[in-house]
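See below for the structure under consideration.
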Amino acid sequence: MYKLVLIRHGESQWNLENRFTGWHDVDLTDTGVAQAKTAGQLLKDAGFTFDQAYTSVLLRAIKTLNIALEEMGQHYLPVERHWRLNERHYGALTGLDKAETAAKHGEEQVKIWRRSFDIPPPAVEDDSEHFPGHDPRYNNVDADILPRGESLKLTIERVLPYWHDVIRPDIQAGKRVIIAAHGNSLRALVKYLDGMSDEEVLGLNIPTGVPLVYELDENLKPISKEYLGDADAIKAMMDAVAKQGQAK
């Protein structure tokens, strides 16, 4: 049996401001820092230790991982950062206020952009500040495969090769793994691990800064999964995520 821990980054500044964030690099809020510390303490209290950590190349996920590991006394852990674990790219919606966008375009349209499986948001142009090709951290990535805007389906197609090629072999080799990433890159992994349908995943909301613990069999099929922390508080956080696209 293997154990795998997934954690969405703590609250970011644009989470707080209810903006579409995607690949834009924003920092954690004070609440987000506190969530990361709490996550680390919960994992420590539950007796977790890790051999390998994975995260995206975005500050909010990197910082969440570092803070949690420091709380556990495992700040020395090997960490691999990769763009394939980044958040879904929100295209031309990046930076827009979700509630204002819903008021302008209608809640149903924003729900389609946020929660449909295979409909991407409007794409950014290559000369946009939000096109990843202008960011030096992606210099070694072919510009043709960098996203201009992604649906959840496209995000899954980006994330899963990294799971199969890198993370899965480490787990099967006996390494204890933690992944700190983002709402949609983690939805991609949860959908795959749980065998969720395209329709089922639309209702999946992942709270910020809460460790999700999987027990997996020898084929990496889930035996069990649970969030660490107060169940009522976690449900409230999930409900808040679901309501982000509503007009004020």
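The backbone N, Cα and C atoms fix where each Cβ goes, glycine too.
What Swiss-Prot annotates here:
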ACT_SITE  HIS9  active site, tele-phosphohistidine intermediate
ACT_SITE  GLU87  active site, proton donor/acceptor
BINDING   8-15, 21-22, ARG60, 87-90, LYS98, 114-115, 183-184  substrate binding site
SITE      HIS182  site 'Transition state stabilizer'
Q) Can you tell me the three-state DSSP label for LYS98 (substrate binding site)? A) helix
Q. Cα within 10 Å of GLY22 (substrate binding site): which of the recorded positions HIS9, GLU87, HIS182 qualify?
A. GLU87, HIS182
Q) Taking the Cβ of HIS9 (active site, tele-phosphohistidine intermediate) as reference, which residues of that chain separated by at least 6 in sequence fall under 8 Å from it? A) LEU28, GLY32, ALA36, LEU58, ARG60, ALA61, LYS63, THR64, ALA180, ALA181, HIS182, THR208, GLY209
Q: Taking only the Cα atoms, work out how far LYS98 (substrate binding site) lies from GLU87 (active site, proton donor/acceptor), in Å, as a whole number.
A: 16
Q) Cβ-Cβ under 8 Å from the residue listed as 'active site, proton donor/acceptor', same chain, 6 or more residues apart: which ones? A) THR21, GLY22, TRP23, SER56, LEU58, ALA181, HIS182, GLY183, ASN184, SER185
Q: If we count other C-beta atoms within 10 Å, could you say which of the recorded positions ARG8, ARG88, LYS98, HIS182 has the fewest?
A: LYS98
